[in-house]
Amino acid sequence: MDMIANIDRLLLELDERSLTRRRRAVDTPCAPRLEVEGRPLLAFCSNDYLGLASHPAVVAALREGAALYGAGSGASHLISGHGRAHTQLEDRLAEFESPHLDNARAITFSTGYMANLAILTALGADAGAEIFSEQLNHASLIDGARLARAQVKVYPHAGVAELAALLAASTAPTKIVVTDSVFSMDGDLAPLPALLALCERHNAWLVVDDAHGFGTLGANGRGALEHFDLRSPNLVYMGTLGKAAGVAGAFVAAHASVIELMIQRARPYIYTTAAPPALAHALLTSLDIISGAEGAARRAHLASLVGRFRAGLRLERWQHPPSSTAIQPIIIGANDEALRAGAGLYGQGLWVPAIRPPTVPADTARLRVTLSAAHTHEDVAQLAAALNQLERT
Ligand SMILES: *Cc1c(COP(=O)(O)O)cnc(C)c1O
């Protein structure tokens, strides 16, 4: 079988470059302390930034949602899969983000990946549309731009001046600037106020992928737009619901006309089965927590953990670039050294993923530490000490 032999050769090549990825099956709920094949581990891997994935109230709401609405939606949103819980969640999300948008409306998706495909294909399908994409954008935005078949111009990381020049030179009738708010492998923030000012000057959309900011940024957890105190009709906001919100899915919030366009035109919305309404029901409880006093307390604890972790690091060769968010990369460089470091931690019962190209640029393989409000100060002190020691061996 030549075809299988070809695939096996490709897989062997990946292995030789230390690029093979392996999965580990977790036996317990998502939490800092979990079990893999009977082995207890302290994990710094998940994007469950507020510790809501196994929060008793969210789990109870999911159970209640299943009792109310069953297991599955049975159809796409435009056929019969759009449930009461979906509309309740959309309304709550639109209201939550309304301080930052004009005439806000929201629409929910099964995943953030699909939401990004939907935004860029719905807005970018116009003839002559141009998409201006930040260099470190998430893969789903890159794929969305490709699927839209629009012209794509990539601007450098945080390159406001470069973007300004590109926008000034563009004669496209539809201009779309798209960026992560919190960069998923670096933890730094995009300069959103400067980007928005440019977009308003040049009549461009600013699509903000707030996968890592929704729930964690802003006094009320509204995310990056609240953090930077932004409001504009040019904004199209995407937040995910499987990270800080602890369940699954995503939403887009924008001017009602943008949302209506997505319902009418976005194929990643139209041609897929709606997420189970029970998930939307559970997310109403996540939103209660995020927007209430408990959410504020969890964000404050998370911020103190970030400070504790950074203060505990004494690294000489490995880099830990500035990041005030829950994403704290330790940049090592070579793929094999990053893998060895990850394995060294794992041997001590600490689970931190090693991230290699193509997820990050070549020669910037790293340990991607993510902190959660479910961690303790002792947890992060233990990790910092283990990293300090490991770097010297
Ligand atoms: C996780 C992530 C997504 C995709 O969201 P899912 O709900 O996991 O599909 C999109 N953008 C960024 C920046 C992400 O980190």
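Any Cβ shown, glycine's included, is placed from N, Cα and C.
In TrEMBL, annotation is done automatically, which means it is predicted and not curated.
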Recorded pyridoxal 5'-phosphate site member, picked from H86, H157, H202, H212, that accompanies G112, Y113, S184, T240 in TrEMBL: H212
Same-site substrate binder from R17, R21, R22, given that TrEMBL records H138, T359: R21
Those binding-site residues in R21, Y113, T359 whose CB falls under 6 A of ligand 1, listed in sequence order: Y113
Cα-Cα distance, maximum over G112, Y113, S184, H212, T240, record's pyridoxal 5'-phosphate binders, Å: 14
Least surrounded among the binding-site residues, given as R21, H212, when other CB atoms within 10 Å are counted: R21
Neighbour-count leader, CB within 10 A, recorded positions: H138, K243: K243
